[in-house]
Structures are given as structure tokens and as C-alpha cells.
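Beneath this line is the structure, given in C-alpha cells, with notes to follow.
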């Protein structure tokens, strides 16, 4: 029997699992509806006999008779043929049920007292049954119905506790019919003397039973079947019991299925508070296993024991306590499940939205994600609207002449889009979800973005509701202007008013003919009016002509100019494209910047000419306009007209102010386009187009007057002069000089209004450099070692860079190849080498420091401005050349002060890794180390000379096109001359201490090797740069003196440096190879110090030569060599006296 019970339990578990997979919401609703309709089909279960023992309960009572028990058990068994044992009935009648409270809504369930005879309960206490593992069931046929005895053996604790178990029963037979039993309530009251009671009940196996649990909203969940375990309890007294169903009035119908194989309970709970009854009984000895369903519902079952025989139930005495209200558990309803699905779906979409908007690595809460998504959508809508506007403007601008005749492009664009904007705003407000948080604004513009201020074009509150342009401010096309000028000229030339007046006088004379016949005496008949009759028609004619001409001027220069209101939609469109042009210039996208600037001009009503006829008309009109603006009478008349217009302003700001503002904006746009054309950033156009843009910028800038700063006005005139100089060449060179002088006159008498970045043009050297056309503006300028990179789209900045390099080259050339100047007596005298070089370097330093001080005419972010701050690269070269000149002059203090600047090499030069920069740097360090006052100065200086010599040789071997070849040559020659002079000075310091006059100190092998290497670099440089020849003979004689070679050849080389030449006997190009004054003085000093006395023609010749060398060195400024020469003169004075005696 135990095996069969276990087999039935296993089958029930399998069927329950299958039921959980197959049940749906409709099936369970039909089941509950079917159960609720069983009251009419089974009236015996709800008879008054069952409810008689519950006084006052109304509809909820219980029965104590055996008939109710028999009927319920028969209904429960269905088709079972088993009969109820009479002993069971007799023992059941001894149970008395107390009356229940009439309140069905009470939180405490009604109590039931079960009395057990004390004689039937053994006194020996029993331990809690041990749950044994379940054995493997044997397969048995399911067609045979078996009877099993189920024993429920609870163990009670010493503390009295009350537990109420409400378990309505559902029995399902093979024919799938349901029978409903009323809920039964069993109250077990225990005490310390109560012993374990074994309740054994015989039930019949029912096929295909399922255990279901109904939640508050009707969702059914499948529960796993309870495990049936067989517990052996041989000492427990068994009493046959027939369970009597009871009826209580509660909020819900609790259904319980009992089965002989120990299948679990199916409870349909409507009130969630009753789910606490499914928790395990909290006793000390009762162990109740817990089962967890698939939906997380916790169920409890009691351990059962399979008995052999039926035993009666003993009455258990004890008191009844009120039950505690069940604790409210976690709500597990279908509504929560559906909400959980919705939340999961919403969370997935929010995560996907976050990945699209902010990326996968961003961390932000849901409201922040939604807010950012809304902002991004608004941004996309705004960008879409902007692109739509720009597309429409460009389409209208491409139409050549049809839309340019008296039509404002900005007004057309805005009027066509107004209706679309209103519809789109309504759609956006309808589609927009509510605010993501309480802090969001209730009303917002559909185009506003939280991260940036809204554009006036997209915010109706910021754009004034006023007409874009009245008909008088639309402007005229240049062809119409030229046509009006031609008609006016023809009217004044042919003067039809004169003919009309003459025709009127003739008509009056015809009306009064001479009547009568006869002869008349010839005589002079004087008119009655006199001279007034002759003057009146002339005055009237000139007055009418003057009115006509003035009207034409007012129409062309005042009413013909397009004017844009400051807060109109056209103005906003213009500024949007202007700012976009600035951004394009900052990125280096010059084509896009030019497109935006052309769109700006089209919005202002000043589109660029697209055909040759339009270009000719525009150029002619600008020439006429510039000529008219120079007439004071015309300017005075225009001012009076503006004052009259100011009395009745069309807008609040006044027509004159708006006209000047529009002229300023157009002038700056023309100026930027002109700069891009000059620098070659745009496709090359015709020279007339460049002249047209230059004249437009100049005319409109002069019309703007105080609206445009003086520095910008000067820059516009200089750019116009530069454009005429580069594109027109010598044909219109006089116009370039005119605009340059005009720019200088705008700076004021003391150049107070000129910006620092343009101050170099006010210097005579700057003017000469600008007008001699020794510069060129390139589209892609190469990087230079001598100046920092200037703005590639600013032609003035490029010319300034070329001027700075020209000054640096002049400063170095004055050291390595000084130029001769002619005096009044046709005698040539070389200028002072060091003074000229220092003057150039001083000018260069002042012009370099003034770079970029001017304020840009456009926004501060524009790239069309000079680099802010001084040119640190050019400043470093200035300091390096100053150190070289100071060392050659013997000014040790100046060398130390400027060497601190040379030590800080700019990063731009360090990145280039140029060997020439390293050579000049180590040469400066060698000169600084050779100064007196240092312990190891000579050795350190020699080491730096070696490094500089190696870098110089590397720079001569570098092949490739350089940006400044002439400047590279002079710097290489200067570096080589400095190294050779420094080596010579170190050798002479070693020899001057102990050697007498006329004797030579021989240098070491390392010194000679280094000198030979530098001399080889000088010879190599002389092949490509002829001025290096003037240094070759002197240094060759020096190395022979250091090595102690034959003095004959040394004397010849020195004689070559001392020889004077005239310009008549030389050819072109040989003048650069002549030695300078400093070379001649150095040669005299070497000959008098190191050559033997026999090589001089007379004993006094050495003193004469030294005196001449001293004068030359003093004139040049070489104080160190001059001091040495004077010391030798003093020594030679005593020696000469001795030799003469």
C-alpha cells in the first residue's frame, strides 16, 4: 500500500507540472465561474442542517449530523463504491462545534473546539516523526482505484497555540466534473499535557487532480505537488475519523483538494491577507516542509503517515484562543506582472535611447536620459530648419536677375517659411511628451535648447514683429544705377528743357503777328524786359537741371541702398551666415567661408555679379560712386537728406543709423572676400573682379563713417592697394600708391589712429618695401625658420612676415657684406657695419612686438587676424644676432644680457630639428663661454665650437628646396665667420701671454683640425654664395700662422686682403668678393703681430699700419680688436726706438 501511495504522489506531481504549462487565464476564469454555479446543482451541501449549529450566522453555518458528513463524503468520492464505516460515524458525533461570530469581515477567523477523550490519549509523549527519504515507486496500473490511509501527525509544542486551516476541497473525477465542499475549519488547541494525535482518514484516489492558487486579480498559478513521505509510528493510537465539512462566512472561498496519494492543496484566495495562512506552523516540534511554486508563491504542507487501519479521533481538551490577523505578504498579482513587463520594455527603450544619444559608457538616470533626448530632438529640428532656410536662400541667390530687381531675398525666404513654422510649432507641441521632471518649464519654444541660447530667428519673443524692408530700402541693381546715370547724362548733354523753352517763346510770338502792310524803317527795337528776359530762362534751366541731378543722387546714394533692419529676420539670417563663415575660416575651410560670405551679401541685397555685363556695370558704378563721395558738395547734400529723414524715422533707431550699419556689414563681407581672392584661397578670377570687390569695400566703409573703427578702415585701404599691386601690376600701380597714401592720411598727422600691426607701413623702409614689390602673396606659404606662421588668409600679415625677414637679412648682410656709400666727392665710404646691423635689429624688434595688437574687424574667433602676441621665433633670431654683434664689438655685458634670451629656444624651432638653428645656438654658447671670468672657459668654448662646426657642416649638406635660400646663405656665412673668428681669438689668448712680438705660437692638432673643418665649410659656401670669398683669404692666412707654415705664402694672402680696388676696374658681381674694412684691419693686425719684421718694407711701416687699423676698428666699432691694436702700438714704440738706435 505504501508503494501505491508513493506512485500516486509521483503521478500527481507530474500532472501538476503539466497543468502549470497548459493552464491559461481563460481556463481558470471558466473554472471559477463553474465552481460558483455549483450551489444549485448540489443543494445538499448547503442545507440548513449544516448551518444549524452556527446561531446568528445567516448564510454561513455548520452541520454536526452524520447525514451531512455522509453526503459530503459521497460527493467527494464521486463514483467510488466504498461505504463509510459506522464506527467512524459514531465517533464523529461526539464532536461539538462552537458557535461562530456573525461578522464575516472580521480579521480573525472563527474558532473550532475539538475535544478528545482523555482516556483515549496515551500519556507517553512521542517524538516528532522523522521524515524518511522517498523510495522509488513501482509501476502500477492507474485504472484500478486504490484506498490509502493518510495519517496527519502534528506535534504540538508546550506553549498553547491556535492554528486555523481553511481548506475547501475540490474533487475531480474521471469525467472532469467538479464537486465543491464547504470550507472546513479545524482548531487544534494544545497544552503541555496533550500528546501527539494521529488522524487517519481514508479517501479514494481521484484521477488527474491539479493544485491551483488564485490571486487577487484572478491569475492562476500552478503549484508543485507535495511530497508524500511514509513515517512509521507504531505507538500512536489510531482513531477512525470522518472529516466533517464546515461552512464559514469569509471574504473568499478557499478551495482545498485532498487526495489519497498526498497531493498538495489548491487554494483560491481572493483576499491577499489570507496568504499568511500558508506559512509553516511555528511550533517547536512540528516540522512542515515548504514548497515553492513556479511564480514564487510559498506553500506549506504537513508531513503525513500512511496507516494500516482506521482509528477513531480522540477529543482533545483545551481552550480556544483568538487567531492573530494574518500578515500582509508581497503582492504577486497579474497587474504587477503586466506592469513589470511594461517597465522592462520601457527600461530597454530608455537604455537604447541613452546609447544613441550619449553613448554606451554614459551613466545617467532615466529622467536625465529623456531630457537629453528631448534636447537632441529639438536640436535636430532647429538644424533642419536652418538647413531648409539656407537651401532656400541659395536657390534664390542662384537666380541671376529675376529675383535681384527690387526684391529682398531675406524677406522672401522668411515670408514663405512663416506658415510652415507655425504649423510645425503646433505639431511639435502636440507630439512633445510632458516634462520629464517637475523642474522643467511648462512652456518652452519648440526650437530652444537648454545648453545654448535660442536664435532670434527661432524665438518669436526675440524677433520683432516688423516688416523686413520697406519698398524704399530694397535697393537698386547696379545695372539700374548705370542706366539712371546714363539717362541723367544724356538729359544734361542734350538738354531738352532748352528746346522746350525755345519752342514756348516761338509759340508766343506766333500768336501776336505783325498786322498791316507797308514799308517800315529799319531800326533797333529794344525789348521791354531787357536782360531779365534773357537771364530768366537760363536760371530756370539750371535750377531744373540741379533738381534733377540732386534727385538722382538721392535716389542712387540714399534710397537706392539696401537697408536691413537690426532685428528683422533678414538680419538674423545674415548674422547666422556671418558667424558660420567665421567658424569656417577658423577651421581653414575657405571655400565654405566664401560661400557663406556670398550668401551674406545676397541677403543684404548686394549679390556678386555673375556675368560680364553685371561686372562691368558694378565696376563702373563703384568708380562713379567713389568719385562722387570725394565731392564735398555731394557729401553735404547727403548729410542734409539724412537729417531730413531722421525727423520722420521709419524705425525707432533711425534710417541713417540703419543705413550705416548695413554699409558696415557689407563692407566687411566684401573685405573678407577680397582677402581670400588675393591670397589665392579661391579659384583665380579676373583682375576686374578683384578691383570691383576692393572698390565696394572702400566705398561702403567710407559710407559707414563712425560705425567702422579707423584701424579697420586703414586695413581695407591697404588691402585695396595690395590687390591693385598684385593683380594689376604696373598698369594701375599709381592707384596702389594712392590708396597707400590714403591709408596713411587716415592714420592722422602723428599716426595716432594706426594700429600697431600696421605701424611698419608708416616707416620709410616699410613704404619702400611695399612699393618696390619685393614680396609675393602665396596661397600655401612654406614654414620658415625665421618667422612664425602668419594667417594664410590675411595678405597684410604675409607681407609683414616678408618685411620682418627682409630686415633680418639686411642686418646680417651688413655684417658679412657691408655696402659702400658714395659721398659728395665721388668717394665711396663703407657704412659702419655694427651700427647698421643694430639699427635694423632694433626696427625688427619693434615691428615684431606689434604683431597682432589690432582688434579684428570680425568676431574674435576669426582666423583672419594676425596671430596674437609677438613673433617669438623672429625675436629669438634677433637676440642671437645681437649676441654675435655684441661679442664682435667686445661688449661683454651685452653678451651676457642677451644670452639669457638665446638659451630659451622656441618650441617651434626645437621641433624642426634644423642643424642651422643648432649651429647658431652652440656658436652663441661658445661666445658666452669665452668671456673672461670663467675657470674652464676656453675648454668649454672649444667644445661648443666643435658642436657648432658639425651642425654647420650638416646644414651645408642638406639638400632640398628651402623657403628662404638667401637668408640661409647669409646666416651660414655669419655662423662660419663667427666660429673662425672665435677659434682665432682663443688661439691668440694662448699666444699673447708668453710670446714676444714677431713670434708665433703653434696651435694643437685638435685646434687645427677644427679650424680646417670650418675653413672647408667656408670654401664650400663660397661656391654658391660669392660674398664668402672676402673671408676666405684672411682665414687661410690665419690657419697658416697657427700651423707655423711658410710666411711667404701667408704674406701673399694677407696682401690680398690689404689691397684696395676701384669700381672702374671690376666687373659686375666681383664687388661682393672684396674684403671689407673690418677684414682689412684684421689682416693688418695679424701681419704686424705674427709676421717677421723682414717682411715689412721699412721699420716704421708696422706702426703706420697699426695706427690705420686702429682707426678702422674704432670706426667699425670693434672695441676688442681696437684695444689689442693699441697695445701693440705701445709695445712696438719701444722696440722701434731700440731698432732705430
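Placed from the backbone N, Cα and C atoms, the Cβ positions cover glycine too.
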Which one of 106, 455, 469, 855 shows up in Swiss-Prot with the note phosphoserine?
855
Annotated phosphoserine residue, as Swiss-Prot has it, among 1046, 1098:
1098
For the set 327, 464, 1067, say which residue Swiss-Prot annotates with SUMO2 cross-link.
464
Would you mind telling me which of 1-50, 151-200 Swiss-Prot tags as region 'Transcriptional activation (acidic)'?
1-50
Per Swiss-Prot, which of 380-401, 512-533 is region 'Leucine-zipper'?
380-401
Mean pLDDT, the region 'Leucine-zipper' (380-401)?
83
